[in-house]
Every structure is written in structure tokens, then in C-alpha cells.
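Here the structure is laid out as C-alpha cells; the discussion comes afterwards.
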Amino acid sequence: MISPSLVFSSPGSESPRGFVELRFVLEPQDVVTVRGGVLQLDCQARSDQGLPIISWKKDGVLLSSVVDERRQQLANGSLLVQNVVHSRHHRPDEGSYQCLAMLEGVGAIVSRTATVTVSGPLRVVVPTESVSSFLGDTALLRCEVTGEPMPVVRWQKNRVDLPVAFDLDSRVVVLPSGSLQVSRVQPPDSATYRCLAENPGSSRTGTDADLRVLPEPGVLRNLVFLQRPLKVTVLQGRDAVLECSASGYPTPSFYWMRGSEMIQMPPQFLNYPSNMYAYESTDIEMECAVTGNPPPSVHWVKNGEVVIPSDYFQIVDGGNLQILGLVRSDEGFYQCVAENEAGNALAMAQLILLEPGERPSGRALPSAPRDVAPVLVSSRFIRLGWRPPLETRGTVLTYGIFYSQEGINRERSVNVTESETLQLTVSSLKPEAVYTFRVVAYNELGPGESSEPIRLTTQQEPVQVPGPVENLQAEATSPTSIQASWDPPAYANGQIQGYRLLWTETSSGKEQVLGQNYKMEGLKKFTEYALRVLALNRHGPGIGTEDMHITTLSDVPSAPPQNISLEVIYSRSIKVSWQPPPTNLQNGFITGYKLRYRKTGRRGEQEALEPNNLWYLFTGLEKGSQYSFQVAAMTANGTGPSSEWFTAETPENDLDETQVPNQPSSLHVRPLPNSIIMSWTPPLNPNILVRGYIIGYGVGSPYAETVRVDSKQRYYSIENLDFVQCFNDPVDPSDDDLFHLFDKFPTPIPDTSTPMIPPVGVQAVALTSDSVRVSWADNSISKNQKSSEVRYYSVKWKTSHSTSGKYKSADTTALSHTVTGLKPNTMYEFAVMVTKGRKSSTWSMTAHATTYEAAPSSAPKDLTVIGREGRPRSILISWQPPLEANGRITGYIVYYTLDKNMPIDDWVMEPISGDRLTHQVMDLNLDTVYYFRIQAKNAKGVGPLSDPVQYRTSKGRHGDSGYWPSDNNLIDRSSLNEPPIGQMRPPHGSVTPQKNSNLLVIIVVSVGAVTIVVVVIVALICTRRTSAQQRKKRATHSAGKRKGSQKDLRPPDLWIHHEEMELKNIEKPSSSAPSGRESPIQSCQEIAPVSHSQSESQMGSKSSHSGQCPLPESLLYIITSLYLYFFIYSSVLWF
């Protein structure tokens, strides 16, 4: 950028001074640099008054002329910044810079502002995801990367760079946003893509994503926007791109609106016509699909002349040109012309007709077919027959029959469907018309010589049957129905009495006489049908239409995915694999899969996947937890049924991956005439993760060839070896992965003494919980595994954990055998041996398989019921797992009742988790007989019930002693009397608390009543005692006063063992005889009170004053016993 010149004049002189020229020759430009890099901003100024002085500003502040050690100004005025500093909170070198040019005494000017940006690291916002697209549709792969400055995005297809330039005419375009748009998707577009983002500071490589191309079903799909337009800011005069991508069927057309005004778009080609080679008498169709706004009109031009539609030139499917029965004059240039109000567009293609005798190479074409003759001549069809040519000069691929009607110069053709066919029916002919026929044979190089033409005349119509119906249309109205309609035939030859509709599917055909339209129902979902319609009059059925093919609508799948398997990868991840539903039950194109998973006891979640993903790895799971998974397939109509739940459990800890695995614990090598079979066992330490094995072998060196196999593989066969060659076997280039066990092991030369070769490739696959299918191959017989010799195979097996070494065996003559009668959830090992005559091979390598789980076949054992000390209403049940669990026990069910003859469904049931072997039952009735049973369950079902165990709960108290029983043992069953069922107290019911509440009220009222009675009795006793004492006091007043005052004595305490007094026996005077009618109140008068000052030894003597009289000892006992009884009884009922 060149600044305009700036000149100054000097005031004060009579004549004005001339202007001074001061301008920038070089100005600083915007720069993107990197942290730690070197930044240079150039600036040069020129003046006619001398060299200007250059200085610099940063963010409007003048930089010091003595710049720090990192910044320095060069002699030419440029600013150099070394070791650029940039961090999140300290960015001293980033900002706006200006160059200042100054002339002393004149002035200064500043340059344009240059922005310096320090590039930061890139960050992938959203990883690129795999997508599926239908043939001819649009696919969009996203690459969302952020950074400063914004990176440049490029794409790779199968690791090969794609063009970066934005080309409007290209099908594969990198949009300004970084996304990759693939228009009109074709099969070659199916590949692996990845994006690469770069800016001056860093670069990032995106994740691999697959573009999968699905066949176009031709079924209506809703319009889906893949990319909507976003707000764009652009400088005036620059190009702006507004992105918009959409998917759907039919292919969507795009229209743009500016405000409320629709933007007109000139025609654009979606499909271009292509150059074509063809032979005379054949039919061709040139494609031309366009879009635009308004929708463009299409017509065709041949060699500059407009093509007029006729019987042989037809525009079909909107814009395609169909030419029937090519003739030599049809050669030339064809142009598809599309026009609308916004403009027009043309696309060109050339048609070249090949001569039948032209040979692409020096090889010859077939000679003419022989003896062409009519087999059957009718009014509307002729069946021809012929013999093969004498010289085929290769393989005859097909035959073509060329025919034309007399008077018409266009010849039509039809080919046989199979090369062996030597007859063909030419239909849709006219009655009483003359036709010319000839036959041509085709080989790999093209059509051969033509046979001599023959002239045939169709017969007269024997009866006046109707012609073919017109305008046959069919529409699929649902997944199981098709609606068909048509117009009457052009010539009916009488009154139409009805129509006959025939529709066929691969394995069935149906026929129905009906009216002018008909709805076919009960069809198969998403199945293609061929329809034909015939009109009927009084002479019979007329000419049928050509077959119309239509497919019923899609629907959700009728079956879930199959072959679902779970594999625990780590302690926090599980891999789920599956296969699609059966083809005949998919009911459409699978558009994805839906996975639901849940942890036991928690709510489930779900994931949605692309249709070609047949596995998914769940991560972030909890260690030592059980998870359940189910899979469902999706079509465009929705989600089909889900599979059953499959369960797997994550381990508590991961296997160690920080250590190199130890060597395999054993290795066996078996030499064969042309191969070596190896087998091995895993390392002894099971806690170290093994991801695979490396096998090394070679002639003279074990490093010549290496093979990697999966961690689950236990054998490998090295094939195609030479006789008597030495191999080092096996090896791994690393130090510790494998080890040298066999070195220079020769492959033997077979001779008569060589023993029979054992079966190889032994595989064992569990079929059910008690059966395993064992299969193998026999290398000693032909490749088709069939032998005319009499030989049989022996299969032996035992459980893998068995230490007895005893095998079971069976014999068979087939190459597979199903072993039955096995135990569920048990690992077995299998081996096979072949026997022919008196010779037998050694046993093969072993194969392992674990039978499926089954429901427990035995009940839990050692069921025991004991009482709880201090808790008579609770009992504790304990047991041991069943002997035949047949899988992991997931829970137990405890049943109990009062009547053991009741159906088990009427017993009280309590579920228990599978990791517990005890259970407490509470709130039982006292002194009641209960019966207990238990059963176990696993993922496959519940097992049998145990025998009932009888137990009587304790009474809660013994006599009046008022204490809890300390030992509740099992009671002899023979000595128990069963109470009626009506006396059973619910185990967790609501009746007991209600009864306890009522009893508590009764107890409180009773205690209160007894207390009132006791108080009244005490009051009466004290009242009578006081009256008697007063009378005695008046009668004996002359005897004088006794020591002490009555006010010094206090009433006796009613407790039995008081610290200051004790109750004495009732004493009678010797002069009075005992009387049964004498009450305790009367006897109380004879008891003297005890003074507070008396010691315990003096309590028995008479005191000096008898102002109070204690209660009789028997009455106190009664009162005390009553209180204790009610206290204990209420406690028993309450607790």
C-alpha cells in the first residue's frame, strides 16, 4: 500500500516554500507467528528532505528507542522481535503495530496498523463421525477444529490428499467451514476419510470416519438438512460462501431467499449425459437431470436441430432422452438444453454406432447362427428357434433377435437371458403384419455375423379379445398393500366384462378377477412385486400389459438383531457384538441400531449407532458390577423389537498391562509333509494382559516370517512348506514375548511307516446347556473332505478342572459330533483321533468350550432356622448354595407359612440377593409353628424348593418369673401341636401393631384402676388406725406421756427393704384369741412404730410413742407383685 504524498510549506516568507514529500515505501503487514519464533515487521520511508527517522508504536504506545534484548530495530527501520513470548496470561508481543516516520522540524506520519497474532494450539471440538448415504444422495463429513488463527483444513481419502481448491463443479468439495461435502454419492466414494487442520502454530489430525454407500431403495425419504446457512462477514469485493446441504429422496432442489424475495437460480446439472457407443437396432437412454429456480424446462438438440418427440424419440424421467431402434442416421452430437428465467445451460454427449463387423482386437467374432426358423406363429407373438454358430470363436454370451415391421425403417432387438437358450418369443406384435427377423450371437468381443433374415406374417386375430389396458399405475399404500389402477384398453373389441390382475413375488403368484382398480393386501413387507393387467370380454382375456415392478413400503423390523455376544474388555468396559436381523424380517434398509444398557438395580440408558456398526464398546462402567444389554434394529420407519437382555459382569480389577507377558507356558510342534502345526498354552501368570501372540519361523532364521494371531487363539498351521527343510520355530523379535523351543525342526518325508495324521482345526461350540458340537478337518483326505476309505473318528472329552484324568468318548464316521449329557455352565476339553483299519493317529490338539447356563437343578442345602436371643418374634435363617447351581446364583427366595399343605403360591415370599446366605424374618407370632422353604435362582430361572423345615417361636415368658428366654432351640416336630391357621400373625402385617396399641390402653387403664383401689384401701386403713389411737390415747392418758413426740416420727416407707425399717410379723396379744373375722386393720393397732433415732438392733422393741401403724406385710407383697406383674406384662406385649 502506497500512502499519498504529504508535503509541507514554510510560513513567514514572502514566497511560499515548496511542499515536502514524505511517504512510506514499505509498510508493516499482518503477521501470524509462533511462540518462541522470530517476528520481523518491515518499514521504509522516503523523503526529498533527507532520510526520515523510523520508530515504532505498539497498541498506540511509542516503543522505547532502546529496545530490550529481544526487540531491536534494524538499520533499515524494520522491527525484529526474537523468541516471541506468549502464554495464557502474558502476551507482550501480540497486538497492533505501527511504523512512525519523522522529519526533524517538519512532522511525522504513521503507517497502516499491522496486527501480530501468535498462533495457539488447535483443538478438535467434535470428532468426525462415520456416515451412511444412499446412492446419489449427499453426504457431509464434519471437521470442527478451533484455534487462533483459524486453521486451514484439508482432507484425505484412504490416506491420499484430496484437492483443497473450492471447485463448484466438483462432486467432492471442502467447504469453507472445513466440512467435506460429497454430492451425488457413488460407490467409489465408499472409503475412510480424515481431516487435517493446520495453522502456523500447530497441526491436528482428526479421527478416521467411514463413508458407507447404501443402495438407493427408491422410497420417499424426508428432507434432512445436513448443513444450514450461518452468518458470514466478508469484505466488500471478496467472495462469500453460504453453506447449505440437504439429503432426501427424490433429490432435493435448492432455492435461496433474500428476505422475502426468492433468489432465482439458473439451471444446474445434477446428472450429465455421457458419450455412448451402441449398435444399430438397440435401444439407448441418455441421462440429463437438472435443477434451478424456477424449475427449468428441458429439451434435446441433435446436431443443432431440436429433437421432436415421437414413437422412437421420447423424453422420460423428466429429462432423459430415450431412442428406440437405433439407425445409422442417429449418430451425432446430442445436447441437453435446460432453460428458465434465470438463464440456461447446455450439456453435450456424442453417440457413435459401431459396425457389426468392427473388431476391437485381432480376435474373431462368432459366425452367424444357423437354421433360424419359426417355432410358433400367433397373432401377437412369434417364437423363433435356431442352432448355435459353427464357429463361436470364444464363449457365446447371449443371442440377439433383431426384428422390424415391413414399411418401417427402424429395427428393434431383444436378447435371451441365458446363453444356452436357443429359442425366444417376440411379443407385442400386430396381427396380420409382416415382420423381418434375424439372429446374432455375441461373445466377449461383441456381436458376430448376422443370420439370413426371414420374413414372417402374424396370424389373424382368432377372436376379438381386448387390447392391453392403458396407463397402468401402482402405488404402495402400506408395508402390506399396493393400490393399482388403470384405464380401459384403446380397443376393447366388445364390452369389457372385467379385468384380471396378476401379481407375483419370488415364490408365489396370485390371480384375481376384479374391477378397474384393486387394492392388494396381505403382502409381504418391503418386497418387490410384478403386476400385469388383462382386460376380459366375452371372448376371454386380452393382451396383458408389460410387467410393472413395485415394492411395498418399508416398516420397522419384525425381529431383533441376532447372534448377540458380550465380551468384557477391561474392568470398566464391555464390548457388545451382534448381527443384523434375518433378511426377510428386516422390512427395509437398516438405518441404525439402538443399544440399551443398564446396571442391575438402576435405570437404563441407550446409544444409537450407524447401520454398518455391528459392535460397540461401552466404557466408563463401574468395576465389579453387573450390566445388562439389549439391541434393536432401526429402519426409516422406526425401531423394531429389542432382543432379550444379555448380562455380563465387569471384574474388580484390570489385568496388568504395564508388564511384558511371560513366555507361553507350553509349546507343541507337529511336523506334517507340507506343513507344521503349532499349539501352545497361555503364560502361567493370569494377571498380565495378553493381547496376542507373534509366531516366527523361517529357513535358517526364525526372523524370516512372522505372523500375529489373536490372544484367544491356541494353535496355528504353517502351510505350503517344502520337504525336508529346517525351520526355526517359533520366535518373537522382542525379548520376552515368546521363546525358542524348537530349532531346526525338519518336515518329514512321508513313507509307509508314517503314522496317520491326527485331525486338525478342532473346534468346540456350545449348543445348549448340556450339549457341545465338536468339528474338525482331516488333512489326510481330499479337499472336499470326502473319502471312499472306511475310517472313523473317536471324540473324547472331560471337564477342564477334572483331576481324575478319566475321559468319556464316542465314535463317529462324520467330521463333526454333538456331545450331549454334559453339565451346564461347565468348561470341557475335547480331542479327536482318526482310525483306519489297524492304524490310528495320535489325539489332536484339545479344544475347549463352556456349556450354557441352566436353571439350578438342586435346592439350597443345610436350611437352618434359629431364634434370636432377646427377640422372640424374630428368627434367623441360614443355608448353603445348591450343589448344582448351573450358573451364577443371582438370588434366593424364602417361603414360610403356618400350613405346609397350602400351595406354594400362597406362602409368604421374601426375595434375597444372591451374595447372602442368611436372612432374618421378623414380626412373627409367639408360640406358633412355622414352616420354611427356600429356592435359588440364576439368569436362566429358578431351581427346586428345599424340604420344609419346622420351627416354633418362643412363648415370650415362663410362668410369672417375667424374664425373656435366653435359648430358643429347634423343637421336636413330633411334639408340636399345630394351631389353627386363623391364629397366624402376619409376618410384616398391620394387625400386630393395632393389637399392641389396644393392649397398651388396657394395661394403662388397669394399672390406673389398681392404683386407685390401693389408694382407697390405704386411706381407709389410716383413717381407722387414727380413730383407734385416739380412743386408746384417751383411755391411757393417766399413764403419762411417752418419750418423743409424734411429730418426730414419719410414716413407714412401703418398700420391702427400706434402709431404716423392716416389716414385722403381725403379733397378737396373749389375752385375745385369733378370729377369722378379724381384719388386718384391727391387727394393725398392735404394731408399734419405729423411731428414726433407733438403730437397727432396736427396731424390734416398743417405742415410746405409737402414733402410726405400718401396713401388713402380706398386703405390701400383694401390691408389689401386682405392680411388677403389670410392668412385665406390658413390656412383653409392647416389645
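Numbering starts at 1 and runs along the chain as displayed.
Placement of Cβ uses the backbone N, Cα and C atoms for every residue, glycine included.
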Of 186-207, 648-669, 1066-1087, the range TrEMBL labels region 'Disordered': 1066-1087
Surrounding residues of the domain 'Ig-like' (217-258) on its own chain - C-beta under 8 Å, 6+ positions past either end: 133-134, 136-140, 166, 175-177, 179, 181, 265, 270, 289, 291-293, 295, 551, 553-554, 588-589, 636
Integer average pLDDT (0 to 100) for the domain 'Fibronectin type-III' (859-956): 90
Interface-richest range of 267-352, 468-555, 560-653, 859-956 toward the domain 'Fibronectin type-III' (368-461), CB pairs under 8 Å: 267-352
DSSP helix/strand/coil residue counts for the domain 'Ig-like' (121-212): 3 helix, 43 strand, 46 coil
Counts by DSSP class (helix H/G/I, strand E/B, coil) across the domain 'Ig-like' (267-352): 3 helix, 52 strand, 31 coil
Residues in the domain 'Ig-like' (16-117) grouped by DSSP into helix, strand and remaining coil: 0 helix, 46 strand, 56 coil
Secondary structure composition of the domain 'Ig-like' (217-258) [DSSP: H/G/I, E/B, coil]: 0 helix, 15 strand, 27 coil
